[in-house]
Amino acid sequence: MSSSCSGLSRVLVAVATALVSASSPCPQAWGPPGVQYGQPGRSVKLCCPGVTAGDPVSWFRDGEPKLLQGPDSGLGHELVLAQADSTDEGTYICQTLDGALGGTVTLQLGYPPARPVVSCQAADYENFSCTWSPSQISGLPTRYLTSYRKKTVLGADSQRRSPSTGPWPCPQDPLGAARCVVHGAEFWSQYRINVTEVNPLGASTRLLDVSLQSILRPDPPQGLRVESVPGYPRRLRASWTYPASWPCQPHFLLKFRLQYRPAQHPAWSTVEPAGLEEVITDAVAGLPHAVRVSARDFLDAGTWSTWSPEAWGTPSTGTIPKEIPAWGQLHTQPEVEPQVDSPAPPRPSLQPHPRLLDHRDSVEQVAVLASLGILSFLGLVAGALALGLWLRLRRGGKDGSPKPGFLASVIPVDRRPGAPNL
């Protein structure tokens, strides 16, 4: 295992070394042929690509007849630019002693790479992906080397870890994108992600330890629909499905939260449904409502998903029941003679309309349950006190001889022990 780790590490180091070889004379590993790189404020060496190393050449700027460096400089085929800046960028021409064109070199200035910013996220329990971005812009062509390895804990009381398994390449999907995907991950394992940024001036590595429990973030639910409830002008029914990326297994469940608001209203109302649908009972009649939903692991691992795209729905246009008339008004209204062909109108009911009580049902149920609980508690306390008093009196009645002076006032004098008979 350790041999495979060291082997792949040597391969990665070799690749990085080859990529950074641009700092050597006449590099060809980066960019188009003839482009060489340097850092602002540092000395830069350019080499003539068409001559043998060490052969003296003359250097000119492209389009300028002025000689920058002659063949007697003692620098051979190299041109040295002290403390290069942006004005030094451009194309240079080198000529041999016989005036033949040795080649052209284009100078591009930039900065060495810094450690990239890396973050990882898991959309399910089996796969996770990592993305990265440069912490500073180098201005140079840049490549990234990505790999990962798995770490296992030896014991709960041990702070040491077993040798890491891997590393393995983390394939970039698609190739060249700032994202790599790890397939077939283990939920209870920890992983170390290695992202190395490489450009012609160097390499910099970022290591990130992750666990699926902490980076789990499902995709938002799909298929959100909002429908009116016929005959209920203040109700909406919302339904949705699991995200397609979530595994269809009974022990991997999601919980949901739903938000809704009327049109032109900035504040959202939030509820946590128990399943894959929810009936909104306090919608504003006649107004369209925006609804959105998000998901999270049922055991609160990771974080909530992003919100789903909003879906819109308008409650039913059924008539809202009017207020119940007072008792006196019921008897003072003039009676209308029913027509022969039309059915008799229904008699007014003194009972409140059930729709008017929908929003008060839950409050009344809570009040009734609280009252029953208080009455039950008081009944238990009274029963306990009565039982204790009864047991105390019973023990007192079974006691043998009465205590001195006990009930002495109610015993006749002539029956007291030792009293003379008169």
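Any Cβ shown, glycine's included, is placed from N, Cα and C.
The structure displayed is predicted, hence computed values, not measured ones.
Record features (Swiss-Prot):
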DISULFID  C48-C94  disulfide bond
DISULFID  C120-C130  disulfide bond
DISULFID  C170-C180  disulfide bond
DOMAIN    27-110  domain 'Ig-like C2-type'
DOMAIN    112-219  domain 'Fibronectin type-III 1'
DOMAIN    220-317  domain 'Fibronectin type-III 2'
CARBOHYD  N127  N-linked glycosylation site
CARBOHYD  N194  N-linked glycosylation site
REGION    335-355  region 'Disordered'
REGION    398-422  region 'Disordered'
MOTIF     304-308  motif 'WSXWS motif'
SIGNAL    1-22  signal peptide
TOPO_DOM  24-370  topological domain 'Extracellular'
TOPO_DOM  392-422  topological domain 'Cytoplasmic'
Cα-to-Cα gap, N194 (N-linked glycosylation site) vs N127 (N-linked glycosylation site), nearest whole Å:
17
Which residues of the chain, 6 or more past the ends of the motif 'WSXWS motif' (304-308), have a CB below 8 A from one of its CBs?
217-222, 224, 240, 243, 257, 259, 292-296
What average pLDDT does the predicted model assign to the topological domain 'Cytoplasmic' (392-422)?
54
Measuring Cα to Cα, how far is C170 (disulfide bond) from N127 (N-linked glycosylation site) in Å?
12
Tell me the residue counts in helix, strand and coil for the domain 'Fibronectin type-III 1' (112-219), as DSSP assigns them.
4 helix, 54 strand, 50 coil
List the helix, strand and coil residue totals of the motif 'WSXWS motif' (304-308) as derived from DSSP.
0 helix, 0 strand, 5 coil
Going by DSSP assignments with H, G and I as helix and E and B as strand, what are the residue counts for the domain 'Fibronectin type-III 2' (220-317)?
0 helix, 46 strand, 52 coil
C94 (disulfide bond) versus C180 (disulfide bond) - Cα distance in angstrom:
43
For C94 (disulfide bond), just give me the three-state DSSP call.
strand
Cα-Cα, whole number of Å: N127 (N-linked glycosylation site) versus C120 (disulfide bond)?
11
So, by DSSP, how many helix, strand and coil residues make up the domain 'Ig-like C2-type' (27-110)?
6 helix, 34 strand, 44 coil
Candidate with the highest Cβ count within 10 Å, taken from the disulfide-bonded residues C48, C120, C170:
C48
